[in-house]
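Before any comments, here is the structure.
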């Protein structure tokens, strides 16, 4: 009887399965779907909008200022200073004002490059190192150089590793050729206080100080990450962490993937640190446990797939940025890139080929992108938040508590300072959009240095100025020559001529070739007949039109060395040809 009952049960189950297969399931009922959404927990960051209001939001930069050469590093201090460094060893101090910045002082600090800039926790001391084996220490608040140390090695990176209460300003500097880390007194001599040989086995590329726990985090060129204490605890392994062996952590993540971190940032509360690897992945770790919590893929392959799934920018612009990104990788410019935490510690900022991303680490969501429409590849970032400290009198309790927009606008001006690939400028992104007509000064590129010809041309292009004209006048030593131009028939040729003329390219040129009863030729800066190039660099193609021929004298044409080899030279005929 038992066997029969089992057989009957199996037969019923089989029939029920067949009936269920015949009835196709197309999803939950509306009431089931609503119930699922109600029960699903969505992580929401409390006061998120308040945090975002203290971050820049403009897509376009508001202002840019110049160095003589490519700007590679920017630092914002707690004392409201912005310090910028360029690849020619120059360092400039700028003071953050209630709106914008003001130039303070210029130092020709190094004969070599600016390898690294670092400010201490209090924002009172700055260190710069260079491949000319020199180290300079600056008093930020008094914008003065207070110490110079001649090193016996080429430095790679540096960091202040002293707590706020420590009277000695200790400084860690790594050797670019060996795993050694040297500890100096920032106010002392070139004799190191300590020499650390055993922490790493390869040259150290990153040193970061966690001021909350008084612990230093360092990384080398093979991806090993180490924790160690400062002088107070004799450079021992810290006891504040929640692991006894690195095998219990994810700190071997870079070694496992055969890569290494290029930069690192530690959160304001000291509980997290973020890295950007050579494989272009952003990784976020918990500091006390060493566990990996977030990974963001920023590789070219990821962006190519993203563009194919959903178009982010026009395909032609995407192709241009893809090519530029490959140049960035080949040129080693990613060595100066970095990441930033905001003052709340919930948001991470880093530069990509599509602008600066602001990621909410609490709910793993991209909340804002800055600088996406700009024709720039941003690299090194620094963030100013809070209020500019003024000595014009303290605010009352009522003024602080009030919702007075006049007071708020006079105090809060969150600003992102950024460098860009192959640019001798640094850029300020604020909450004021450069396209806003309310801004008083519409010229956002400040020429605080004597501009080169390339800068003038670039400013003309970005400013949207007129590039095509229908007439021109050549002022020569023997009189003026009036020209009629044909921008509709030969737009590229006319544009090349007009932009060169406006930028002063043709000034002081000779008529280097004169053939009697034929023509006169000029436009060669060398005066030899073999120099000159177009405004785009190199040569451009020929332009012909049936209505324009050499059937009369005094015709202006491009001079070249063959088909499609036009540069800057042109000639004027004196007879019909």
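Positions of Cβ are set from backbone N, Cα and C atoms, glycine also.
As recorded in TrEMBL:
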type	residues	note
COMPBIAS	16-25	compositional bias 'Acidic residues'
DOMAIN	468-577	domain 'PPIase cyclophilin-type'
REGION	1-26	region 'Disordered'
REPEAT	64-95	repeat 'WD'
REPEAT	107-148	repeat 'WD'
### Message
Given a Cβ distance threshold of under 8 angstroms, which distant residues of the chain, six or more beyond its ends, lie next to the repeat 'WD' (107-148)?
### Response
72-75, 77-79, 81, 83, 85-93, 154-160, 162-164, 169, 171, 173, 176, 184, 186-188, 209, 211
### Task
State the mean pLDDT for the domain 'PPIase cyclophilin-type' (468-577).
90
### Query
In the repeat 'WD' (107-148), how many residues does DSSP assign to helix, to strand and to coil?
0 helix, 23 strand, 19 coil
